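These features come from Swiss-Prot:
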BINDING   ARG87, ARG97, ARG121, ASP211  substrate binding site
BINDING   ASP211, ASP235, ASP239  Mg(2+) binding site
BINDING   GLY271, SER272, ALA273, PRO274, ASP275, ILE276, ALA277, GLY278, GLN279, GLY280, ILE281, ALA282, ASP283  NAD(+) binding site
SITE      TYR128  site 'Important for catalysis'
SITE      LYS178  site 'Important for catalysis'
Amino acid sequence: MRLAVIAGDGIGPEVITEALKVLDAVLPGVEKTEYDLGARQYHKTGEVLPDSVLEELKGHDAILLGAIGDPSVPSGLLERGLLLRIRFELDHHINLRPARLYPGVQSPLAGNPEIDFVVVREGTEGPYTGNGGAIRVGTPHEIATEVSVNTAFGVRRAVQDAFGRAQQRRKHLTLVHKNNVLTNAGSLWWRTVQTVAAEYPDVEVAYQHVDAATIHMVTDPGRFDVIVTDNLFGDIITDLAAAVCGGIGLAASGNIDATLTHPSMFEPVHGSAPDIAGQGIADPTAAVMSVSLLLAHMAEVDAAARVDKAVAEHLATRGDEKLSTAAVGERILGKL
């Protein structure tokens, strides 16, 4: 496996260091290339992601990212110039966000209910395509528009991916949308789900408006197995899903090209946390979870299962103990 490593900003390098130790333990011999992308690269060169580096990234099998963002750089510049550019250039049309409440982790929900579902979020369409504009800016007659783009092709491949995952899990898929108001896009999504469902007769299908889904994530999260949704709704509900499972510090994500034409990218959901960077106190658990997602995507199923098991055992016995970044990494390595 040829792996591109982008440690990034803030606590990114610290958590990625521990994640790579785990990767090396379960899959020795991975060929790693490190790329210094983020605030340092921007301040040094004025570029966020040079074209030549993007071409190099395309030659790898997968990408592991730490975190991007720094207060010394204008807000959104790194995110758009690096994360979104990689997503669109490498056709990361699936954003995969597992949501699992591990034993030993305290949920804000009463009674620590059983939570184990996956959100499949379409990653390259919706209102995030930059299709919009503004006129008469700064006047009382300003008009601003953001157009949500939904194509039959894009919706179909997200729905197809979600059904495939549901087939391998508990065989239940929920479409989350708002088709009573967003009638055009909502109709396309629902008709696509119904069409693809015919290929998976043993997968039960449900629909929920996005506002109802947020309620049920809090009151009855056990009803969900696989959720499929568009880019905007997915962006919102995945953070809620992380919150009920103990917080974004325990959330991993995959930005996936399901066709395997381009390398997919895996990262912890948390940010760069510049306020604690360099102190050795950042929790690398989510970065290690990202390694598990990466391994599963690369069909290294046994290695992924070993990492999952080690993380689960670590969380089950950790309690409220405050541990350093390195100590958490050592504990997870020990569980292997």
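In case you wondered, yes, glycine gets a Cβ from its N, Cα and C as well.
The DSSP secondary structure for ALA277 (NAD(+) binding site) is coil. Local packing around the Cβ, expressed as the count of other Cβ atoms within 10 angstroms, is greatest for ASP283 among the binding-site residues ASP235, ASP239, ASP275, ASP283. Across the structure, ALA273 (NAD(+) binding site) and ASP239 (Mg(2+) binding site) are spaced 17 Å apart at their Cα atoms.
DSSP gives TYR128 (site 'Important for catalysis') a helix state. When Cα-Cα distances from LYS178 (site 'Important for catalysis') are compared across the binding-site residues ARG97, ARG121, ASP239, the shortest belongs to ARG121. The binding residues for NAD(+) are recorded as GLY271, SER272, ALA273, PRO274, ASP275, ILE276, ALA277, GLY278, GLN279, GLY280, ILE281, ALA282, ASP283; their greatest pairwise CA distance is 16 Å. Counting in whole angstrom, ASP275 (NAD(+) binding site) lies 27 from ARG87 (substrate binding site) by their C-alpha atoms. Under DSSP, ARG87 (substrate binding site) is assigned to a helix (H, G or I) in the three-state scheme. Close to the recorded Mg(2+) site, the chain also has VAL210, THR214, LEU232, PHE233, GLY234, ILE236, ILE237, THR238, LEU240: residues not among ASP211, ASP235, ASP239 whose Cβ is within 8 Å of the site's Cβ mean position. Put simply, of the binding-site residues ARG87, ARG97, ASP211, the one whose Cα is nearest the Cα of GLN279 (NAD(+) binding site) is ARG97.
Residue with the densest Cβ environment among the recorded positions ARG87, ARG97, ARG121, LYS178: ARG121, by other Cβ atoms within 10 Å.
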